[in-house]
Amino acid sequence: MGESRERPGARVRGVRGSQHAAAGAPGAAARRLAEALGIHALAGGLKVEDFDYMHSLIYADEMARSGSIGPSGSLTTGFAFGVPPILKFGDEKLQERFLPDLLTGKKRCCIAITEPDAGSDVANITTTAVKAPCGKYYMVNGAKKWQVIFSFVSYSRSLSSRPQRNPNHIAGSQTVSGQTTPPWPCGRAPPDSGAAGLSLLIVPLKGHKGVSMRRLKVGGQVSGGTTYIELDNVPVRVENLVGVEGMGMRYVMTNFNHERLSVAVAVTRQARVALSAAFEYVMKREAFGKPLMDQPVVRHRLAKAGGLLESQWAWVEQFAYQMSQMPADDADRELGGMTGLLKAQAGIVLHECANTAVLLFGGNGYTRSGQGELVEMIYREVPGARIPGGSEDVLLDLAVRQLVKLYKAKTKALEAKAEL
Ligand SMILES: Cc1cc2nc3c(=O)[nH]c(=O)nc-3n(C[C@H](O)[C@H](O)[C@H](O)COP(=O)(O)OP(=O)(O)OC[C@H]3O[C@@H](n4cnc5c(N)ncnc54)[C@H](O)[C@@H]3O)c2cc1C
């Protein structure tokens, strides 16, 4: 009874105990936190501890059934990609301060890596976090672009980096994705630290001093609330650092695997919605005295796009299953590059399916109202699948580079074994 009257943060503290000993087991940490907050079961009565990547797949898939990933993006993107680094890498105090409000939806967050001049090239971000002379705050300066979500965001986790020539830079990180650098004494210019200088910092956004946000209108995902964030001398408590200074790049890369799998699931569902709508339409639409479905060319188009779609979905399911069965470290090592390929391929499949659907809807597929409005909207959202979370070209390349790395490492291990 006494425990039930404690504040959530205190209860979290009480149950966590050896949480940090369970490094690499964020699922266990999340479970303890959820229990401490009184969250014992999820929708459908699913026990929190039973939730795995297959459930995550079902969730992302169901959320995308409308055909747009804007609504699901606005509801879950910030949490899904912003909370895990706190769970995995944040210290106990940080988790106590932020997770109760985030896990219960009282506050929201986003992940802010991309900047106006650095997207694919994460190591090149220039946002800085400089320790104030008092040692209590980082002063954060920079801009973040395309963050989902705009008006709801309470916190942003970002990576900040330091420009070389600023003599006052010390260490900085915001919690969104961005780069941070190890601390440097005030008045000394840091070396060009690149990826090694990136850190993650939780930056309060809404109503916070020095923060301004404005909505960016992108081609689709209207409800996603894509945002431009300006940070002008924003004071952020040093305790808001996630994990260790200089480790931001690693944290962000780990985070990308989950993000890319989620995107692949949702995007593959979008492709199915588009193709199903086209299937239904050509069954009833008549031209030249018969339904369009009776035209061999129409069936051929549907078959080609459908084959891509079904094989992509089978791969997505296989992937989620592998992720739920493999230990996290093994999955990161073995599947990191392939997750990028899965996400890139999902965009390619969506492109093909949306294209086919628009064509088969004819003029209706190019009209923002009426029978074809859904496929018209999905077609506009194709770039929103191919670019965010790692652009297609970048991910295709990453996948093969990772395979080369694995190939070399495994060959070396086999050779070493053979010599024994
Ligand atoms: C709707 C939307 C939502 C987003 N949400 C978020 C968010 O929540 N948080 C966040 O931090 N960011 C977000 N982003 C940013 C997104 O992750 C970046 O736009 C993306 O990583 C690409 O970066 P860029 O736009 O700077 O393109 P650039 O890096 O300038 O690249 C442009 C193009 O050049 C090519 N290219 C670049 N580098 C290479 C390479 N090494 N090899 C081959 N080709 C290459 C690719 O074709 C690429 O598309 C979002 C973007 C959009 C559009």
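Cβ coordinates are placed from backbone N, Cα and C, and glycine is handled just like the others.
Note: TrEMBL annotation is automatic and uncurated.
What TrEMBL records for 1-22 (among others) is region 'Disordered'.
As annotated by TrEMBL, domain 'Acyl-CoA dehydrogenase/oxidase N-terminal' applies to 43-106. The DSSP breakdown of the domain 'Acyl-CoA dehydrogenase/oxidase N-terminal' (43-106), given as helix, strand and coil counts, is 49 helix, 1 strand, 14 coil.
Marked as domain 'Acyl-CoA oxidase/dehydrogenase middle' by TrEMBL: 110-146. Note on the domain 'Acyl-CoA oxidase/dehydrogenase middle' (110-146): DSSP counts are 3 helix, 19 strand, 15 coil.
If you look up TrEMBL, you'll see 163-182 (among others) marked as region 'Disordered'.
If you look up TrEMBL, you'll see 163-181 marked as compositional bias 'Polar residues'.
What TrEMBL lists as domain 'Acyl-CoA dehydrogenase/oxidase C-terminal' is 246-403.
This prediction places the mean pLDDT of the domain 'Acyl-CoA oxidase/dehydrogenase middle' (110-146) at 93.
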